[in-house]
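Enquirer: Here it is, the structure in full.
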There are 2 protein chains.
Amino acid sequence: MRSERGLLIVLSGPSGVGKGTVRKALFNQEDIQFQYSVSATTRNPREGEVNGVDYFFKMREEFERMIANNELLEWAEFVGNYYGTPIAYVEQTLQQGKDVFLEIEVQGALQVKKAFPEGVFIFLAPPSLSELKSRIVGRGTETEDVIHNRLTVAKEEIEMMDAYDYVVENDEVQLACDRIKAIVVGEHCRRERVAKYYKQMTEVE
Amino acid sequence: MRSERGLLIVLSGPSGVGKGTVRKALFNQEDIQFQYSVSATTRNPREGEVNGVDYFFKMREEFERMIANNELLEWAEFVGNYYGTPIAYVEQTLQQGKDVFLEIEVQGALQVKKAFPEGVFIFLAPPSLSELKSRIVGRGTETEDVIHNRLTVAKEEIEMMDAYDYVVENDEVQLACDRIKAIVVGEHCRRERVAKYYKQMTEVE
């Protein structure tokens, strides 16, 4: 009952929330049906990192050629290095009916959303957000300034969520993984997708 | 991170698809967090059926009073007997922040959708739907008439789906249960619900 084209699953969230940790834990599980899309970067490999597994390591000129040729689904520059998602792997995998999983920065996720509005966009939220209330109405051990700053950051994070379909709290890595897996199962059951597939079958007539 | 109000989950589908079997299997599992909403009926209890567990058994006049007083979320008459969902239990349970699960006929589901458009509407689909294609393009052992009838029924079933959020194929009861559980987990992570909850917290200021 799978729709013929795979789903594009995008995991993103504020920096430091633990996107990489959740992604690694997810792909260490046996029942994962989706393919991880390896990013390209111009930064140097760290110890133990393998080309084509952790990243596709590229020279600067090579990366800039990919940008010029529209070969990247999204890209950004951080601290003097490029990072991006090669579009070819994503497209091929989706066409084979397999789901593709991206773990990228918020900026990149917004670029992907423009190209693939039908993707499944998951925002990984810091547990500090739901602890907010107890902190604010709590024992008053924090100064007004600390509370005010925390609220400002929280409001920014909540605004970031607007472009996403789901919010998963990273309170515990395994729980976050379970929620992401459930979201993907549920998305495969969404009526728009399934009914479209059934309709195509009845049009055989 | 739960939204404060529970979710209303509605399982429905064409008659004979196995809604009751799936519902029973679901509530036999230990990790079910939602509450089953017991229907009211005027039909006689069958052997082993317990009042308040399987149904609330009512006299005809009692049921008609409930209809007149708008105490039912949905109701219908089948073969001379009334069936319906008392609204009070549903409302109380949702307000306690617990999810409520209804298993009802397609007609009833459309009534519930009018009153609770924010509910999660799951259509249980017969596996015959996805076997359709292989039957049609198969070895030609079926007559044109049989194929035509099957296609007409399939088109009706696909049209019924339009009012639903999800379609779960009942190919295997346990698989159908797993999909329903995943859908509920995913729905609790939907951005609209979670962001609303977070926003309320930051408005404490």
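Note: Cβ is positioned from N, Cα and C throughout, glycine not excepted.
According to TrEMBL:
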type    : residues                                               : note
DOMAIN  : A:6-185                                                : domain 'Guanylate kinase-like'
BINDING : A:G13, A:P14, A:S15, A:G16, A:V17, A:G18, A:K19, A:G20 : ATP binding site
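Can you tell me where each of these features sits in this structure?
Expert: Restricting the average to the domain 'Guanylate kinase-like' (A:6-185) gives a pLDDT of 90.
Cβ neighbour count for A:G16 (ATP binding site): 7 (other Cβ atoms within 10 Å of its Cβ, all protein chains included).
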Enquirer: If you draw a 10 Å sphere around the Cβ of A:P14 (ATP binding site), how many other Cβ atoms fall inside it, taking every protein chain shown into account?
Expert: 17
Enquirer: Whose Cβ lies within 8 Å of the mean position of the Cβ atoms of A:G13, A:P14, A:S15, A:G16, A:V17, A:G18, A:K19, A:G20, the ATP site, other than those residues?
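Expert: Other same-chain residues with Cβ inside the cutoff are A:L124, A:P126, A:N170.
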Enquirer: Please list residues from the chain of A:K19 (ATP binding site) whose Cβ is under 8 angstroms from its Cβ, counting only those at least six apart in sequence.
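Expert: A:K19 (ATP binding site) has long-range Cβ partners A:L11, A:S12, A:G13, A:E103, A:L124.
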Enquirer: With an 8 Å cut-off on Cβ-Cβ distance and a minimum sequence separation of at least 6, pull the same-chain contacts of A:S15 (ATP binding site), or say none.
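Expert: The list for A:S15 (ATP binding site) reads A:E105, given in order along the sequence.
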